[in-house]
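Notes follow once the structure below has been shown.
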Amino acid sequence: MTFSFDTAAAQGAVIKVIGVGGGGGNAINRMVDEGVTGVEFIAANTDVQALSSTKAETVIQLGPKLTRGLGAGGQPEVGRKAAEESEETLTEAISGADMVFITAGMGGGSGTGAAPVIARIAKDLGALTVGVVTRPFGFEGSKRGQFAVEGINQLREHVDTLLIISNNNLLEIVDKKTPLLEALSEADNVLRQGVQGITDLITNPGLINLDFADVKTVMANKGNALMGIGIGSGEERVVEAARKAIYSPLLETTIDGAEDVIVNVTGGLDLTLIEAEEASQIVNQAAGQGVNIWLGTSIDESMRDEIRVTVVATGVRQDRVEKVVAPQARSATNYRETVKPAHSHGFDRHFDMAETVELPKQNPRRLEPTQASAFGDWDLRRESIVRTTDSVVSPVERFEAPISQDEDELDTPPFFKNR
């Protein structure tokens with residue numbers, strides 16, 4: 001009996017990651033440094049100087065005639081036209097991909113303007129198209145924030161799934177003494193985790209396997225998404241890992257109300273079926289009724305006593321996203337009294353999604369270890385978690401000091417006060 005065997009098909013899904021603009025290029029470099037494998041990296045930018053330092057295998061200069069390699073000048077419209085000028089080159093680079101990740105920092109010129117164009121090209125070629133982008137810091141200005149909002153809305157129209165990470169929330173978890181460059185590099189690191197957490201599901205086979213077809217079913221035409229990674233150890237390791245995966249202070253959406261959720265549990269040789277089931281149940285409870293759970297498991301002998309839970313939730317309702325990022329009119333005093341950092345302990349030099357925790361609302365001073373259940377009094381089914389971003393609180397509201405003088409003081413001339 002003769003069997004025909006398609007060698008090309010046996011190679012698995014072709015995954016390409018495109019870093020657009022400065023932020024996307026930095027994320028690509030971070031992925032290469034961290035040893036992300038099984039994907040092809042492409043860097044696309046209008047700035048030739050930035051492209052000269054990229055570690056991507058494929059480099060594309062966007063709009064060479066329009067920008068002459070000098071960048072987009074912070075104008076998304078220039079970035080868009082540059083991508084359209086280079087559409088043929090982009091199409092050739094993306095062609096043949098089963099899945100395309102588009103990663104960018106929104107708010108600038110190249111990433112904000114070119115990312116939606118690249119997403120349209122990828123989608124037209126039939127690739128599963130996923131956007132992983134960051135929203136800018138509030139201190140970068142309202143204009144940049146508005147550009148980011150417009151760019152994200154345009155990108156959402158052309159991708160199957162969109163994962164948004166809020167840079168501003170880094171301010172809530174980093175130590176005040178953290179150097180600026182180090183804090184900014186952590187935003188690139190989170191972009192890397194967003195991509196790697198999904199690609200690992202496809203490229204790393206497991207005992208209960210999740211393949212590209214499963215990922216495509218979960219992510220095709222699903223809109224807003226959440227991706228989280230949690231690592232736990234000890235007796236409550238699966239509970240700890242699942243909780244950390246569900247909630248990250250950097251993500252703008254919550255798992256509540258998601259349509260489909262991939263849960264991948266990775267552990268050492270001591271990983272049990274009960275633990276995999278428990279992780280699935282925790283995620284199921286947090287997502288609510290009607291969610292479709294896709295469970296996968298894999299063995300990594302190097303993990304020993306640890307368990308890693310990866311969660312990819314899609315189909316998050318838009319009204320819940322809007323609830324998280326909706327404008328809130330609050331005074332400077334109220335803002336200082338109500339907004340507390342997600343972590344009150346020091347900033348780890350390399351922030352990892354797996355190290356995030358969701359704290360109770362009683363505003364603890366320090367995160368103390370406990371021997372009790374990892375759940376504590378935490379309610380998986382609470383209505384929602386509101387994470388504020390600088391895109392919703394104006395710089396005046398955030399930093400303007402409240403005026404405490406009484407009217408008599410204001411009406412008294414200075415020379416009378418000094419008598």
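Along the chain as shown, the residues are counted starting at 1.
Any Cβ shown, glycine's included, is placed from N, Cα and C.
Gly22 (GTP binding site) carries a helical DSSP state (H, G or I). Sequence-distant neighbours of Gly22 (GTP binding site) (same chain, 6+ apart, CB under 8 A from its CB) are Asn45, Asp47, Ala50, Gly105, Gly108, Ser110, Gly111. As annotated by Swiss-Prot, GTP binding site applies to Gly22, Gly23, Gly24, Gly25, Asn26, Gly109, Ser110, Gly111, Glu140, Arg144, Asp188.
The region 'Disordered' annotation in Swiss-Prot covers 397-419.
Proximity of Asp188 (GTP binding site) to non-local residues of its own chain (separation of 6 or more, Cβ distance below 8 Å) is seen for Gly23, Asn26, Ala27, Asn29, Arg30, given in sequence order.
Around the Cβ of Ser110 (GTP binding site), the number of neighbouring Cβ atoms within 10 Å comes to 34.
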